[in-house]
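Novice: There's a structure below that I have some questions on.
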Amino acid sequence: MEKDLKSYTLPALQELIAEKSGKKFHAGYIFSFIHEKQHSRLEEITPVPEKLRNILSDEGFFISSLEILERQKDADSTEKFLFSAQDGSKFESVLLDDNGRKTVCISSQAGCRMGCGFCATAGIGFIRNLSSGEIAEQVYAAKRSAEKISNVVFMGMGEPFDNYENAVNAAIILNDSKGLGLGARHITLSTCGLIDRIEDFTQLDKQFRLAVSIHAGYEETRNKLMPINKSNPLAKLFAAVENYCRKTGRRVTLEYCLIDGINDSREEAVKFAQSAQRLKCNVNLIEFNPAGSLRFSAPKKGKTNAFADILRENGIETHIRYRRGRNIKAACGQLGAEWEK
Ligand code: SF4
């Protein structure tokens, strides 16, 4: 069982504390000291009896913390944090400022095993899953830098649905009114397309948002860019997302990274539009960001707008995302680029 108290949702903490002291209301104090007041030492949680604190520490329970190894700020005010966990695992998160609206893009794993061809994190390989506490702590670190966090997106290093339980529990912790109290609709979990976990997410009785990385119109194109497409092909992925939209009534965001000569043609746009049309969705187009040893490049001038026009002509709400934080390797697909061997 997890010993890091920061990784416990409130109901799980109540169950644990009821077992240790018979008084589950103490869990509320512990939870809010950790997640609202952001204390990281058990002895600081003075509203709970010393006896209970001693039982917890004697049994090895602790409150994890992260060390910030480096902070970099881009001229566009994007800020990148490099963290080290207690075992030395490193990962990054990014704080974006959009006219005062602060969004934190957090990591769910150290490294990633998905191997997407356009992503620097893939070059690191998989190191380990982050705990719910380590995921939530990235938001608290950003909050110490920005006064108010408006949105959290699980789009940093790693595949959140490959660490499903910890990622969802972190979202539940961030949403809890006894902690940060961030609205569920301001928390987005993204996936490169793990169909089974999308089905689990469809059943989850929470209002969190879903983003799915598509990056191709055709199966063959996606097979070349994303190894996950071999076991989770586009046709089945769109069916799972369609089911998600129908059952939850929620809109999904589709992410599409445009790469010169690979997936930015008119044919890819038309095929992608045909699939996306079936969904209640909006599309984010992102131009490829150079990183590490990746040999791709961004689309030629005018191609991104042409691609967007095709989607819009098909009635799909489409946004072209400005590439923020590129100078500090904090933009999409660039995390970890500086450590790539
Ligand atoms: S794009 Fe996301 S899922 Fe793909 S390798 Fe990078 S971090 Fe992993």
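One is the number of the first residue shown, and numbering goes on along the chain from there.
Every residue, even glycine, has its Cβ placed from backbone N, Cα and C.
What you see is a predicted model, and the numbers here were worked out from it, not measured in a lab.
Annotations per TrEMBL:
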ACT_SITE  Glu92  active site, proton acceptor
DOMAIN    98-326  domain 'Radical SAM core'
BINDING   Cys112, Cys116, Cys119  [4Fe-4S] cluster binding site
BINDING   Gly158, Glu159, Ser190, Ser213, Ile214, His215, Asn289  S-adenosyl-L-methionine binding site
ACT_SITE  Cys332  active site, S-methylcysteine intermediate
Novice: How big is the gap, in Å, between the Cα of Ser190 (S-adenosyl-L-methionine binding site) and that of Cys332 (active site, S-methylcysteine intermediate), rounded to a whole number?
Specialist: 13
Novice: Inside 10 Å of the Cβ of Gly158 (S-adenosyl-L-methionine binding site), count up the other Cβ atoms and send me the figure.
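Specialist: There are 30 such Cβ atoms around Gly158 (S-adenosyl-L-methionine binding site).
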Novice: So what's the mean pLDDT when you look at the domain 'Radical SAM core' (98-326)?
Specialist: 95
Novice: Could you tell me which of the recorded positions Glu92, Cys112, Cys116, Ile214, Asn289, Cys332 have their C-beta within a distance under 6 angstroms of some atom of ligand 1?
Specialist: Cys112, Cys116
Novice: Reported as an integer number of Å, what is the Cα distance between Glu92 (active site, proton acceptor) and Gly158 (S-adenosyl-L-methionine binding site)?
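Specialist: Given the Cα positions, Glu92 (active site, proton acceptor) is 10 Å from Gly158 (S-adenosyl-L-methionine binding site).
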Novice: Which one is it: of the recorded positions Cys112, Cys116, Cys332, whose Cα lies the shortest distance from the Cα of His215 (S-adenosyl-L-methionine binding site)?
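Specialist: Nearest in space to His215 (S-adenosyl-L-methionine binding site), counting only the recorded positions, is Cys116.
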Novice: Taking the Cα of Asn289 (S-adenosyl-L-methionine binding site) as the centre, which of the recorded positions listed as Cys116, Cys119, Cys332 lie within 10 Å of it?
Specialist: Cys119, Cys332
Novice: Within a 10 Å radius of its Cβ, which of these binding-site residues (Cys112, Cys116, Cys119, Ile214) has the fewest neighbouring Cβ atoms?
Specialist: Cys116
Novice: Excluding Cys112, Cys116, Cys119, please set out which residues of the same chain place their CB within 8 Å of the center of the CB atoms of the [4Fe-4S] cluster site, keeping sequence order.
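Specialist: Neighbours found: Met114, Gly115, Phe118, Ala120, Thr121, Ala122, Glu159, Cys192, Gly333.
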Novice: Would you mind sorting out which of Glu159, Ser213, Ile214, Cys332 (the recorded positions) have a C-alpha within 10 A of the one on Cys119 ([4Fe-4S] cluster binding site)?
Specialist: Cys332
